[in-house]
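Contents: one structure, followed by commentary.
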Number of protein chains: 2
Amino acid sequence: MASSWLNIAADAPFSLANIPFGVISTKRDPTPRPAVAIGDYALDLKAFSSSNGFSEHAEIHQYRSVFAEKTLNAFAALGRPFHRATRAYIQELFKSDTKYAAFLKDNVQFRDAALVPLADVTSHVPLAIGDYTDFYAGKNHAYNVGCLFRGPANALQPNYTHLPVAYHGRASSVVVSGTPIRRPWGQVLRDPKAEPKVPALAPCEKLDLELELGMFICRSNEMGSPVPVNDAEEHIFGYVLMNDWSARDIQAWEYIPLGPFTSKNLGTSISPWVVLADAVPKKAGIKNDNELLPYLKEDLKENVLNIHLEVDIATAGGSKKTVSKTNSSNLLWSWPQMIAHHTITGCNLQTGDLLGSGTISGTESGTEGSLLEITGGGKASIQVGGDERKFLQDGDTLVIRGWAGEDGARIGFGEVSGTIQAALPLF
Amino acid sequence: MASSWLNIAADAPFSLANIPFGVISTKRDPTPRPAVAIGDYALDLKAFSSSNGFSEHAEIHQYRSVFAEKTLNAFAALGRPFHRATRAYIQELFKSDTKYAAFLKDNVQFRDAALVPLADVTSHVPLAIGDYTDFYAGKNHAYNVGCLFRGPANALQPNYTHLPVAYHGRASSVVVSGTPIRRPWGQVLRDPKAEPKVPALAPCEKLDLELELGMFICRSNEMGSPVPVNDAEEHIFGYVLMNDWSARDIQAWEYIPLGPFTSKNLGTSISPWVVLADAVPKKAGIKNDNELLPYLKEDLKENVLNIHLEVDIATAGGSKKTVSKTNSSNLLWSWPQMIAHHTITGCNLQTGDLLGSGTISGTESGTEGSLLEITGGGKASIQVGGDERKFLQDGDTLVIRGWAGEDGARIGFGEVSGTIQAALPLF
């Protein structure tokens, strides 16, 4: 990768090779607006574009009003060739031998107006999310959870390897990294074996994380028009880290027969910077031994993302532990397959829709994407410094990090974090 | 009810007692805008309010810009006292002895500008829907379906009488009455007993209706702040008829363990006119023998809506049959209970969110809200003229009608209709 005139640390997540897009505000200007992250800075695209920063590229300049919006939806809707051109233009801007030195490199005034230290920005949910769908493509997670509930012989349901299982999630409670998560009250069945089954109303006692990736849709499809799997890549804007907070005790009681509901809609956290689809390296996912139906057959064989993922728990007392290290390739289904299946009956995906991968777990100890798996359903404890944990406690901060690529050209996602607040008295 | 200077038929759904709100456009002005329905007319609220039609009520007049929006969200967000005042003002406008004769009754020019024959308007989805949630509160339906799948002893799951079961639905594919519905392709397991279980990709062979009511949220709650059940009524904007089209063969294969997904997101149809919460009479619902948890205990005992509901199937060949007559009181849970449960873990409902009741069925033959129930899972046929039906065929038009009240003061919902189009070749 070329070097930059900007000082970018070798292990910086937002390298010159990356250029992820987000929405920021600052004390000086509290209006949310698009930006990219590079090194320790955000380039304010509203300020940059309105000062004709894109004037060396006629098409980007022509559509520069998308950078004056409060979300990335308008930019996303312009499609992947446009995103590609914008990313390449911004990479050129920051190269040591940039053609566009007049804008930032040699122009202190322009730089002061448009380049903001990341420490000074507030991040926002980057796109207005119309609908949010959560898949269940992490086969090892599905297997691990299936073993806990049904034993190894029936761990995976018969449909699991034939279609990407998913459910519609709650868009309104998707929040950006850093937003505190309130421990929920809910209905729980404390003794599943007692008859009759009488639930209690209580603060959740099994609050868990789910390590996931999120994907934003850029190109919409019309209702009634399924997206062919080999065209689906053009519908992908980019990716974020996701923590799909889960109230396990509430979920166990409510989810039959229509799936998870209040156990999931308490909040879903995402990282603020959308790494563009072009930027992320791919590899082969988990092999599927089934003959797939034609609408799920991809030409591309190296079809899932190759991102290192880590999960830390930090306690209110200051202890900290990395509880999982895994890789995003632990999926049975690729994003294009998820899109193809989501739309096969005619569902219209729209710009800004968010799809979750499902929990990502490896096959070995220390690679699981949820405490449910790590503690065997709460049977075992893990040590976090001097503290024991089966599930999340009040004051715990959960941090997920992710990156691809090598030092000097890292494709980093930054992190998604959230701190658990104590349940409030009800009413 | 008072009489009107406008000629309103005795059995008109949109009586002076009703005044439902919707969003219309016309050939003369294709911009969607708020309106109310009365008799055979729509009162264009954009035209009416911008000509100072609300000037006799300072508060409504002050907020008249909400009637220049393309959806009802801004109006809904103003809250029920505002809706109540607006409805009362419009009722006064149309009374024979109206105080406001200068606006419409005695003003031909004003009338020509603002009063449009319903036959000349195009209706739109009345609110921008952030999230759509479908409940399963129709106990008789849940029981009937449970009997088909599990037999009478285990028909209702243990949680059913303790909490209003629900799942998150798909907001983007909610469409207004009259929108054609394309028969979907999807994964189906034709022989559930064969091993190994290998699905086929095929056009849906068990396309069904679900007779439901829809409810729109007006007042939002903050994430982390559950809505108390006895405050929930203030969060209800109003009601529409809903047909939650369902692909039964696709649903049966996909729904374990996370619930219905592609079998439902092919389309959900709603009637265009939102009947305000104030307008609908109530009665007692199905008795729940359980001691409810405190957050679900309502002070109000007559807590569910009392609406007559009918379902017609009309074939392409011109045959027609009313296949169901039932009542909306066939619910185990009230709308306030659904809101209280939806938010118990902290989910933030937002202005414009749509909640579905779940399928409404009575206990007797001829009162079922789905063909699945009417035909015993497709075992029996019904006659529609000379045609047999187990599930919906291409060209069939499905119409749901609903009304409360008596002739002269009907609280009618109008109808929600949709015609099944043949499946298209895939790709």
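Indices start at 1 and increase along the chain as displayed.
The backbone N, Cα and C atoms fix where each Cβ goes, glycine too.
TrEMBL annotations: computationally assigned, not manually curated.
Positions annotated as domain 'Fumarylacetoacetase N-terminal' by TrEMBL: B:17-126.
The Ca(2+) binding site annotation in TrEMBL covers B:D134, B:E210, B:E212, B:D244. For B:D244 (Ca(2+) binding site), other Cβ atoms within 10 Å of its Cβ number 26.
Annotated domain 'Fumarylacetoacetase-like C-terminal' per TrEMBL: B:134-419, in sequence order.
Classification of B:Q251 (substrate binding site) by DSSP places it within a helix. If you take the C-beta of B:Q251 (substrate binding site) and look for same-chain residues 6 or more apart in sequence within under 8 angstroms, you find B:P260, B:S263, B:K264. The annotation substrate binding site is assigned in TrEMBL to B:Y136, B:R150, B:Q251, B:Y255, B:T359.
TrEMBL lists B:H141 with the feature active site, proton acceptor. Sequence-distant neighbours of B:H141 (active site, proton acceptor) (same chain, 6+ residues apart, CB-CB distance under 8 A): B:N330, B:G358, B:T359, B:I360, B:S361, B:E368, B:G369, B:S370, B:E373.
Under the DSSP three-state reduction, B:D244 (Ca(2+) binding site) is assigned to coil, being neither helix nor strand. Residues or ranges marked as Mg(2+) binding site by TrEMBL: B:D244, B:K264, B:T268.
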Per DSSP, what is the helix/strand/coil residue tally across the domain 'Fumarylacetoacetase N-terminal' (B:17-126)? 46 helix, 24 strand, 40 coil
What other residues of the same chain, not counting B:D134, B:E210, B:E212, B:D244, have a CB atom within 8 A of the CB centroid of the Ca(2+) site? B:L211, B:M242, B:N243, B:S246, B:T268, B:G356, B:S357, B:G358, B:T359
Subset of binding-site residues B:Y136, B:E210, B:Y255 within reach of chain A (CB-CB under 8 A): B:Y136, B:Y255
What residues, ordered by sequence, lie under 8 A Cβ-to-Cβ from B:Y136 (substrate binding site) and sit at least six positions away in the same chain? B:A142, B:Y160, B:P164, B:V165, B:A166, B:Y167, B:G358, B:T359
When you tally the Cβ atoms that lie within 10 Å of each candidate's Cβ, which of the binding-site residues (B:R150, B:K264) has the highest tally? B:K264
Taking only the binding-site residues B:R150, B:Y255, B:T268, which one has a CA atom nearest to the CA atom of B:D244 (Ca(2+) binding site)? B:T268
Fewest-neighbour residue among binding-site residues, criterion Cβ within 10 Å, set B:D134, B:E210, B:E212: B:E210
Nearest by CA distance to B:Y255 (substrate binding site): which of the binding-site residues is it, out of B:D134, B:E210, B:E212, B:T268? B:D134
